[in-house]
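Step one of this worksheet: look at the structure below.
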Amino acid sequence: MASLHPPSLVCTTCPCFFAFFSFFNYGHILSLLSVVTSHAVLVAVLAALSGLQDRGTGGLGNGWVVLIACVVLVGLFALQHRGTHRVAFVFAPIVVLWLLSIGVIGLYNIIHWNPRVCLALSPHYIVKFFKITGRDGWISLGGVLLAVTGTEAMFADLGHFTAASIRLAFVGVIYPCLVLQYMGQAAFLSKNMSDVHDSFYLSIPRTVFWPMFVLASLAAIVGSQSIISATFSIVKQCLSLGCFPRVKVVHTSRWIYGQIYIPEINWILMVLCLAVTVGFRDINIIGNAYGLACITVMFVTTWLMALVIIFVWKKNILLALSFLVFFGSIEGAYLSASFIKVPQGGWTPIALAFVFMFIMYVWHYGTRRKYLFDLQNKVSMKWILTLGPSLGIVRVPGIGLIYTELVTGVPAIFSHFVTNLPAFHQILVFVCVKSVPVPYVPVDERYLIGRIGPRQYRMYRCIVRYGYKDVQKDDENFENHLVMSIAKFIQMEAEEAASSGSYESSNEGRMAVIHTTDATGTGLIMRDSNEGTSLTRSSKSETLQSLQSIYEQESGGLSRRRVRFQVAEEEQINPQVRDELSDLLEAKEAGVAYIIGHSYVKARKNSNFLKSFAIDYAYSFLRKNCRGPSVTLHIPHISLIEVGMIYYV
């Protein structure tokens, strides 16, 4: 996307500023935040609708424009849950037509009003401008900045298009059309200085005004949609990295990977947009806030990019410093000029940024403290070995999946389970779902399987890895993949033990990447079950089967593929391996239970006021009002067991 806001918002008397800064900004891949999004949507919609004003006696008042803008905003956010795949095919034609139209109109204004405006492309006029205007010229940079804001929307499409395609679109179409439009406005204003308040619409020939108004409104909606979609994507990535409270993520398309919708964020953005629209009622004030938000993101991104050059790309520190000084000095000039706008609406993005930063910091801090508690209070293997293979309790048929955040050791909550539950499952699997700092994890590298304790304990560990852009689909048959992975791990372990000459040797702590795309090498045969399909687990209990049928009916009849595993009789399998595989399959047929600790995190009594407030009030409030782990992990309620435990961090 490109600058889809009608350019009447910007200072158009010096087009060379736009030409100079656009290429500098082009190198930055912006992390669009919710603060920028709310203001970007507002500026786009209000700027497009501003054409309803100042058209002689038939123009609408500011109150009507604000009302229409509120209606458009409500409609825009209300339709987000339907996704964009049904109407996305019209987005590209609208944007291309919009860019070509403003380019042609700009060229017409240059020829009609003042062809000499082309001289303004020379950087000579930048120096001349500052010599003449001095401090006023520096202050005007806050308005010139709005010529660039909006171009960051094109980077929101990096999730759907390649960087090369965006570069080509920017250099070949977007940049020339925008420069022509701003030069055309400058030519128009050189002869009509009294029309500076709405130069874009007033510079349009009256014969094409209404088609351009309709096209501007459609382009504003398309640009707003790209920013909103980018916000959903960024929040989802923050969620995967543990930097944002758990929210509902809905996938709006079955065919296009990555199209998501987050209801909570959508309605928060809508409320923020409506509040700012009704509260300010002035496009200039909202433009000041939007400009400050954008240049702040650009400036911070430049500093972070310098760190990437040093620590990720492993380049010379002098190269990073040169990059930082060159780009940072330019952006710093615009940022300093924008700070003057703080009393004139610029305080809004600063306040919102602090609110979002506080929420993200509190969530990350509380989650981190809880993880460190688990890490420092792991159950010792010596204690588990003293319990014996039965763990000191009755081992009943079935598989118990114990969810934990630890990738090594046994969490403290396991001892809480053992001491409070009268019986435990025959097969225990400690499941850890981790989001790793890479975009995608191949399916064949997703599962890591290991063993905990001696073989007769029948305790395993499974680490399921997702990239921060991976989609955890609801219809993924996790149980079958898990059983296949454990079976393949048992076979691999037996083959290595046979080569070493001792099957009894334990590989405690060792993890192996298990490929789940096929059943070869598992010693199992997988067949479709003849008992039909069901959303929930199979069980030998008639009572549980009845509950499962009721649950399936209440869930809308959704189904998963049910399969039955059998140990391959024709294969030469070690008797001990066969016994372990038989125990695994027997437990699978008996049923699978998901066990999660319902934790309550509290600050220690000797904690200071800030820590007590952050943990006992802020973090507790966020945990109570965000989605539970069982929902985000797609665990069916009928198979869920929750055990309460208090964490004093």
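Think of each number as a place in line: the chain as shown, counted from 1.
The backbone N, Cα and C atoms fix where each Cβ goes, glycine too.
Keep in mind that TrEMBL annotations are predicted by a computer and have not been checked by a curator.
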Which one of 137-156, 417-436 shows up in TrEMBL as transmembrane segment?
137-156
Three or more CB pairs closer than 8 Å, sequence separation of 6 or more: does that hold for the transmembrane segment (208-235) against the transmembrane segment (87-111)?
yes
Take the domain 'K+ potassium transporter C-terminal' (397-647) and average the pLDDT across it for me.
76
Let me check one thing: do the transmembrane segment (87-111) and the transmembrane segment (61-80) come into contact, meaning three or more Cβ pairs under 8 Å with sequence separation of at least 6?
no
Using Cβ distances below 8 Å and needing 3 or more such pairs, separated by at least 6 in sequence, tell me whether the transmembrane segment (256-278) contacts the transmembrane segment (61-80).
yes
Can you tell me which parts of the same chain pack against the transmembrane segment (383-403), counting only residues 6+ beyond its ends and a CB-CB cutoff under 8 A?
410-411, 414-415, 417-418, 421-433, 452-454, 456-458, 479, 482, 540, 584, 586-588, 590-597, 629, 633
